[in-house]
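Q: Below is the structure I would like to discuss, written out as structure tokens.
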Amino acid sequence: MGIREFPGGAPRGKSIAVGMRRSPDVSPRRLSDISPQLRQLKYLVVDEAIKEDLKWSRSVEDLTSGPVGLTSIEERILRITGYYGYQPWAASYKREERPRDSPGPAEAQAPAGAEAGGRTSHRCWRCSRAQLKKIFWGVAVVLCVCSSWAGSTQLAKLTFRKFDAPFTLTWFATNWNFLFFPLYYVGHVCKSAEKQSVKQRYRECCRFFGDNGLTLKVFFTKAAPFGVLWTLTNYLYLHAIKKINTTDVSVLFCCNKAFVFLLSWIVLRDRFMGVRIVAAILAIAGIVMMTYADGFHSHSVIGIALVVGSASMSALYKVLFKLLLGSAKFGEAALFLSILGVFNILFITCIPVILYFTKVEYWSSFDDIPWGNLCGFSVLLLTFNIVLNFGIAVTYPTLMSVGIVLSVPVNAVVDHYTSKIVFNGVRVIAIIIIGLGFLLLLLPEEWDVWLIKLLTRLKVRKKEETAEGAADPGSGPQSKNRRARPSFAR
């Protein structure tokens, strides 16, 4: 039978002995000019039946032989294809001609294994340190969100005892939004390696509004509507604090998460999720039960309507922002919030003046204004918005949302000692239902897939443990005698 020549001069056929030796100095060529489709051979699985039929084939025989096995995709491809005169006997020759006094497999692989184990453990330690750091920052962010939100709510309630002007308080606190971009620039100068001037950073962040930057048209079409929604959200929330206790206000405001989902599903065509529909139903049921908790009095109904309106304005703000502007980076978000402060100063200032002269929100003299409470409320609200917008840089977004829910029990404890709130069964159930709905809305979109994978892993692990228990050594005669021997130790 003749010998068939392949490209590169590699002979192929049964007449060539597989055990034939050649010089080990001949090395295979590289795969630089082989088609990229050969990369798929990395995942090639040779069936047992094919192995049996082709057992005389050099490629399959070399593929399955050898104590070490294939270690690289290049070697595997060249063995299977026989391309470019590759000579697998060279590798086997090197393996067979090793000196006998070399260390055994365990001894030879011990240093490499130890080194690899050290690298793996170091990498795992580094990952665990990074995760611990992120969790630590997450706890700090949660506490900051919870304390600032609960503190601003309680301080607003305390302010209204001396200064009954919710819209003026809203206007005063919104003016502090102007500090967002300056504070961001300070952080940029401290942390960024490439420091830019204020003008350069401003121009770069203005690209968020389009190629022309922040023009007058963009200001009135893309910034002014959000300034109005921002003012309405805060005003309705503060006005609701005048009518009902802070516990009910804080828990009802958590419904904005359900409103965001419903609006996103309708307007943005977001993915439908049954668990979020259930959460929205729970939020609506909690609102109804909260209204029933005080017996449908006009005072409480108005307060609940105000805080539900505030949550609706907040949800509309978030959905419209995503629809019209998309997602923003940290600098762009800081600039946008500073622009809202400028809009508030330029165009909303006239409203508190009108309310003052019409005596809707009137105070006798400026000396009677509790400036400490106003500034404290503004600082806490500014801190809350800063952490909520920029906390994602150091921790997970879900943890920041958890801080808002945790403000509910904090307000409940404060109300229990400072007001005449009655925690009857209906109010407690309403709080639990709304909180549960809020937590359900924090579930990621792929939560069901993750749950199925987790259950599958647990089932596989249980089967492996059962198999290991059944295959434990102890079925031998010695083990049987040892088990049958009674123990007289007391």
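Cβ atoms are placed via backbone N, Cα and C, with glycine included.
For 22-31, the entry in TrEMBL reads compositional bias 'Basic and acidic residues'. Residues or ranges marked as compositional bias 'Low complexity' by TrEMBL: 103-118. Annotated compositional bias 'Basic residues' per TrEMBL: 480-490, in sequence order. The domain 'EamA' feature in TrEMBL is assigned to 137-291. Among the features that TrEMBL reports, transmembrane segment is placed at 135-156, 176-193, 214-237, 249-268, 275-293, 299-321, 333-357, 394-414, 426-443.
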Q: Which residues, given as numbers and ranges, are at least 6 beyond the ends of the transmembrane segment (275-293) yet have a Cβ under 8 Å from it?
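A: Contacts with the transmembrane segment (275-293): 248, 251-252, 254-255, 257-259, 261-262, 300-301, 304, 308, 424, 426-427, 429-431, 433-434, 436-438, 440-441, 443, 447.
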Q: Considering only Cβ pairs within less than 8 angstroms, which of the stretches 176-193, 214-237, 249-268 has the most against the transmembrane segment (135-156)?
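A: Highest pair count goes to 249-268.
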Q: Is it the case that the transmembrane segment (299-321) and the transmembrane segment (214-237) have 3 or more CB pairs under 8 Å, with pairs at least 6 apart in sequence?
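A: Yes, the transmembrane segment (299-321) and the transmembrane segment (214-237) are in contact.
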Q: Return yes if the transmembrane segment (333-357) and the transmembrane segment (176-193) have at least 3 CB pairs under 8 Å (sequence gap of 6 or more), otherwise no.
A: yes
Q: Same-chain Cβ contacts of the transmembrane segment (394-414) under 8 Å, 6 or more residues past its ends?
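A: Residues 134-135, 137-139, 141-147, 149-150, 153-154, 246-247, 249-251, 254, 257, 387-388, 421, 423, 431, 435, 438-439, 442.
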Q: Using a Cβ-Cβ cut-off of under 8 Å, list the residues of the same chain that are 6+ residues beyond the ends of the transmembrane segment (249-268) and lie near it.
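A: Answer is 149-150, 153, 237, 240-241, 276, 279-280, 282-284, 286-287, 290, 303-304, 307-308, 310-312, 314-316, 318-319, 322-323, 401, 404-405, 407-408, 411, 430-431, 434-435, 437-438, 441-442.
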Q: Who are the chain neighbours of the transmembrane segment (214-237) in space, where the CB to CB distance is under 8 Å and they lie at least 6 residues beyond its ends?
A: 166-167, 170-171, 173-174, 206, 249, 253, 306-307, 309-310, 313-314, 316-317, 320-321, 324-325, 336, 339-340, 343-344, 347-348, 381
